[in-house]
Amino acid sequence: MIVSALLTSVGINTALCVLFFTLYSILRKQPSNYEVYAPRLLAEGTSKRRSRFNLERLIPSAGWVAKAWRLSEEELLSLSGLDGVVFMRMITFSLKIFTFAGMIGILVILPVNCWGNQLKDIDIVDFVNNSLDVFTISNVNSGSQWLWVHFSAVYIVSGFICMLLFLEYKYISSRRISYFYSSEPQPHHFTILVHSIPSTSSSSISYSVEKFFSELYPSTYLSHVVVRRTNKIHSLLIEAKKLYRRVTQLRSAPAQQKRTNLGFSRLFGGKTNVIEEYQKKLEDIEESVRLKQSEASLEGEEARAAFVFFRSRLGAATAFHLKQSVNPTHWITELAPEPRDVYWPFFSESFMRRWISKLVVIVVCALFTISFLLPVVFVQGLTNLNQLEILFPFLTSILTIKIFNEIVTGYLPSLILQLFLKVVPPAMEFLSSIQGYISHSDIEMSASRKVLWFTIWNVFFATVFSGSILSMLNALLDPKNIPGKLAVAVPAQASFFITYVVTQGWTSVSSELFRVIPFIFSWITRPFTSPDDDEFEVPSIPYHKDIPRVLFFGLLGITYFFLAPLILPFLLAYFCLAYIIYRNQFINVYAPKYDTAGKFWPIIHNSMIFSLVLMQVIAVGIFALKRLSIASTLTMPLPVLTLLFNEYCRKRFLPIFVAYSAESLIKKDRQDQNDATMTQFYENLVNAYKDPALLPLQYSSNNDNLRTPLISQP
């Protein structure tokens, strides 16, 4: 009866379609000729698409599930780095939480909610056609002693989550230190980035850096590389790469070359060899690149930033932690990212420019968040049948049909919201890229935080308060009434969020296995790609998109586990799917673009703490609303205890994720003292942070050797 009522509430057709889509995803192998096998590709040193057609891929098979299940953490570490391990630990952490909370919620809290009769207008006989409110805490009688069950559950689950958070933070911290000890000498451990370098007319930036650090750190300073302005060169290289691929494709496809030549002849009124035209453009671009590179090598094109290299890890860490100048806005230092992680197109040169860029991004993010309330208001209007009939009287006859009513009020709102949310991760990634970060990992971590809080504000709070910004502002301006307002609004949206988990959660994790969007993109770009030169870059997992999504579902589960425990089975199904599917993706699809050694975990920890505090604040309001003032009073210390626990974790573990300790650095430096390869490492260290845009170009005019790369390796 419960399942039947739930399917009716969220739409039978919707649930069945999503279930079929999910099951087909599990039984099917990796799709399409866009399929990528990361371990094999990395071993070969290249990445190529498989054959155009392979019947085996179209035959349903669940063999990949067993391979994903057997993947050990050490194997995952070797495939995707510690960041991949942290991502999977986030999913297993959520599975532990909601398995424990699910046993309490389904076996204990749900029967208590159903036995209540606060909602007297609910007809139990016609249970299937009624609202899900009967399964929520709203159906428990005010002042009922059964509310102590919910009170006990809040304390038990809060304690269980805090215990797991502590154990996970401790475990990942130890893995981060072990990962550091077991790693080979890495360039970024010996390097810092210095920006806001004071410039003088009498000396160059390079001379100032060498003089400054050789005087302050004479025993540990090794060398430096000044960052130069190469934005225009990067754009020219992208254009040259496109032309090179186009020439290669035309050379390998004579039929297409003939059609293209014919089109050019008709356009220009004569015979035209399109390959010669493209080669001429390519030569012109290459000459422009060489000219820009020569200009960038001049002193006037130096940016006020430099990578500074040291002979030891401790020397680099010391320079990072100390203020270098009496003027704190000059000689600002930060730890250098991995060479492959450097984001070359953007380098903020001065303290003021970085500060202004951050302010601008904050304002733009706020405006973007506020403007997004418009589609949320529209979505909330769709969930209310009475409002729809008032706004659109001509739809009254259609909405009386049961199937249309279920689709419009159950499935359509979540679908529309999901489509609008698709633009949020790339928008936040772009805003983070202009904020002054100098690494892809910092950009993704910043974008992850932006996407997470954007989703919490616009999907959770805006939905709870019916999309009204005035309601949200009134709640924030009157802190005393926040628990009461949340206690009224949050349980009322239980059915919407259950539908949201089914439509957004199940379909998103299933589409991750299908990789529909990359598949469509590959077919669109196929006419412009040579069959013989079908190489492409192995994709990396978009942490800024996937981590906020998983954390938001965690917030829904923690918030609703005692309000509407019926959401927990759907969340468990989501996390089980995510566990298997993402392990498969790490094996067969994704290759790491960088490795922060687990720096994403503090974001995950803080999100869980916020979810806990939010749940506890709602519990205070619920118990007060249900006229159980003693329970409300006894719940008030819980948010304080949770925040104190978070402060302890921040003091105990967070410094490990900011920088390595002197003990770890000295121990690692002593291990390298007798290493004969360190001399060669120091020689290569200077070349590790050279801007790719300044590497020498090589263009072959030989028509039979068009595969010679434009950029030669040093």
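Placed from the backbone N, Cα and C atoms, the Cβ positions cover glycine too.
Just so it is clear, the model here is predicted, and its values are computed rather than measured.
Listed in TrEMBL for this protein:
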{"type": "DOMAIN", "residues": "5-166", "note": "domain 'CSC1/OSCA1-like N-terminal transmembrane'"}
{"type": "DOMAIN", "residues": "189-345", "note": "domain 'CSC1/OSCA1-like cytosolic'"}
{"type": "DOMAIN", "residues": "358-623", "note": "domain 'CSC1/OSCA1-like 7TM region'"}
{"type": "TRANSMEM", "residues": "6-27", "note": "transmembrane segment"}
{"type": "TRANSMEM", "residues": "93-112", "note": "transmembrane segment"}
{"type": "TRANSMEM", "residues": "146-167", "note": "transmembrane segment"}
{"type": "TRANSMEM", "residues": "359-378", "note": "transmembrane segment"}
{"type": "TRANSMEM", "residues": "451-476", "note": "transmembrane segment"}
{"type": "TRANSMEM", "residues": "482-501", "note": "transmembrane segment"}
{"type": "TRANSMEM", "residues": "550-582", "note": "transmembrane segment"}
{"type": "TRANSMEM", "residues": "603-624", "note": "transmembrane segment"}
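Long-range contacts of the transmembrane segment (603-624) within its own chain (CB-CB distance under 8 A, at least 6 residues past either end) are made by residues 86, 90, 93, 137, 147, 150-151, 154, 158, 161-162, 165, 168-169, 445, 448-449, 452, 456, 482-488, 490-491, 547, 551, 554-555, 558-559, 561-563, 631-632, 635-636, 638-639, 642-643, 645-646, 649. Regional average pLDDT for the domain 'CSC1/OSCA1-like 7TM region' (358-623) in the model is 78. Same-chain neighbours of the transmembrane segment (93-112): 135, 137, 140, 146, 149-150, 153, 156-157, 160-161, 164, 168, 550, 553-554, 557-558, 561-562, 565-566, 568-569, 571-572, 575-576, 579, 604, counting only residues six or more beyond its ends whose CB sits under 8 Å from a CB of the stretch.
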